[in-house]
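Residues or ranges marked as transmembrane segment in TrEMBL: A:39-60, A:80-102, A:123-149, A:155-178, A:185-203, A:247-267. As annotated by TrEMBL, domain 'ABC transmembrane type-2' applies to A:40-273.
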Amino acid sequence: MSALISPVVPRTAARRLGWVLSDAWVIARSNLIHLTRNPAGMASMLLFPIVMVVMFGYVFGSAMTVAGGGDYRAFLMPGMFAQTMAVGVTTTLVVVSTQATYGVTDRFRSMPVSQSGVVLGRALADMAGSALELAVLIGCGLVVGWGWHNGPLPALAAVGLLLLLRFSLIWVGIFVGLKLKPESAGASWMLMLPLTMIANTFASPAQMPGWLGALAEWNPLSATVAACRELFGNPGWSGGSWAAQHALALAIGWPLLITAVFLPLAARTYRRLDRV
Amino acid sequence: MSHSERMNSHSILAEGLRKRYGDTYALDGFDLAVREGTVCGLLGPNGAGKTTAVRILTTLLRADGGRASVAGFDVAARPAEVRYRIGLTGQAPAVDEILTGRENLEMWGRLYHLGRRTARARAGELLDRFGLGEAADKRIKHYSGGMRRRLDLAASFILAPRVLFLDEPTTGLDPRNRDEVWQAVRTLVAAGSTVLLTTQYLDEADRLAHQIAVLDRGRIIADDSPDALKSMIGGDQIDLVLREERDLPAAAETLAAVTGAAPTVDATARRVTAPVSDRIGALTEAMHRLREAAVEVEDVALRRPTLDEVFLSITGKGAAA
Ligand SMILES: Nc1ncnc2c1ncn2[C@@H]1O[C@H](COP(=O)(O)OP(=O)(O)O)[C@@H](O)[C@H]1O
Ligand SMILES: [Mg+2]
């Protein structure tokens, strides 16, 4: 047996931060290895958006008109971007609930791992996965005739808004994932998809029945989509409501609000796993 | 002695632990003291509260009442100190299926903040020690159940923990894999760690432990050395299976005469069972007398009492499964 190895407990704030970052990196890295070792999963993750673009862009798109005029596929792409970010929350959900069920979370908690490092690692891995999906989808969009028309800076800002939305949903994913069994976490996808459609993703809320239109307009997703259309310079008249008029502010406000509510909830649920 | 005085000589000390789920107490006044450098087998049927006890002692769960300290630190007040000094292999496997054995151990090593190079060296060392050297670079999903368990054990050995907790480490393993796990535990114990191991098999506790604590519905109902416990419950058992049912009374009479204990008879299985103290002597004598009485024996075995028999002799009731 080798001599007892005892790591030094970090005393300074700088060292503690170093540990958080190192733990986060180790955890993110193992999650990224998962991605690369699952070619089938990766292919379907990347193919799914392409199939959706073809389906909505060509199959349904030929029958769609854009409120306010313009090309439907150019209208559609920002909706697809935001939908992909939103549905990405199911990845967080599934990983979190699987690890909690199968002893991995227990092992983390029985070790002197920094808990913020665990969460940060999870966030890094999820953001990397979603950024990859977004990149593929942007490529797809360019092929089908979508593009940005206001210059690179507003386009980058739009990408930032999309990633901000995804970031805010990590905390929802961790909070809900700690409460669900992996089976139901997997099925959450079926709930998320319709939720992303009661929005301005595929059609303008102005074209929907009154109550549904109102719901769609206030859907946080709609704010991100409308703001992206504005920043990319894509078609889409979003209607005259307050929410539609202030899309940019809401596209920042909603994710911040979601983070402000769910980050503490997720942290609290994680800390209180010892009371279950 | 006070709790803090006893903490010096005991690596695990639990006093009056209680944990309630709804109407049932998973732990209901759980007391346990395990001396440094010894192995304690926590023996109990499904639902007795073994996992709950392990989870409280490893800082994963907060008790509703009572107190506990591990490696000299209170588990509720100083969980971080405890976590540096323990290893845990839980009932559910905690290995990453997609990663290789080596990558798993390196990952856990780095999460113990060993530094890249030390973590790598330690992973290699542990893989060899647990007989996983050849499978080191295969993904876990290609591992057998026994290999997974050994990797899981290896992960809890990374820091060479002062106190190791193993929750049913061999449940669901075939005999060969079970032997491998036992060997790994013995190696660690030889190096001076304290081990708490839960099990449903008296046999397993008997082979590994210096101390056996029997858990029944959240309470310790017996806590002693294996020898003392076995003498209390009558030690080993001799099982005879007869060819003909009509020979059962004769065989029971013979066993009673040889062992000096009252045998139990299971007519449908044509089996007679009695506790023995002198294993080989009793076996030879019984076989000799049965042959003389022309009783045909189909099968004979010497074995440790089952958990059910342990409970029967301690509580007068079978194990409440
Ligand atoms: N999270 C939980 N929620 C409700 N009941 C639980 C929970 N965990 C354990 N129990 C109950 O507590 C008792 C002890 O469980 P456990 O400690 O898992 O026993 P063992 O490990 O000995 O099989 C059982 O009756 C079990 O059903
Ligand atoms: Mg258990």
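Every residue gets a Cβ built from N, Cα and C, even glycine.
Across A:39-60, A:123-149, A:155-178, A:185-203, A:247-267, the stretch most heavily in contact with the transmembrane segment (A:80-102), judged by Cβ pairs under 8 Å, is A:155-178. Tertiary proximity for the transmembrane segment (A:39-60) is limited to same-chain residues at least six positions away from its ends with a CB under 8 Å from its CB atoms, namely 72-73, 76-77, 80, 83-84, 129, 132-133, 136-137, 140-141, 144, 202. Using a Cβ-Cβ cut-off under 8 Å and counting only residues 6 or more beyond its ends in the same chain, the transmembrane segment (A:185-203) has close neighbours at 56, 60, 64, 76, 79-80, 82-83, 86-87, 89-90, 93-94, 96-98, 176-177, 212, 215-217, 219, 221-222, 225-226, 236, 238.
Nonlocal intrachain contacts for the transmembrane segment (A:155-178), taken as residues 6+ away from its ends with a CB within less than 8 angstroms of a stretch CB, comprise 78, 81-82, 85-86, 88-97, 100, 119, 122-123, 126-127, 130-131, 134, 148, 185, 188, 220-221, 224, 227-228, 231-232, 251-252, 254-256, 258-259, 262-263, 265-266, 269-270, 273. With a threshold of 8 Å between CB atoms, the same-chain residues lying at least 6 positions outside the transmembrane segment (A:247-267) that come near it are 119, 161, 164-165, 167-169, 171-172, 174-175, 178, 220, 222-224, 226-228, 230-231, 238.
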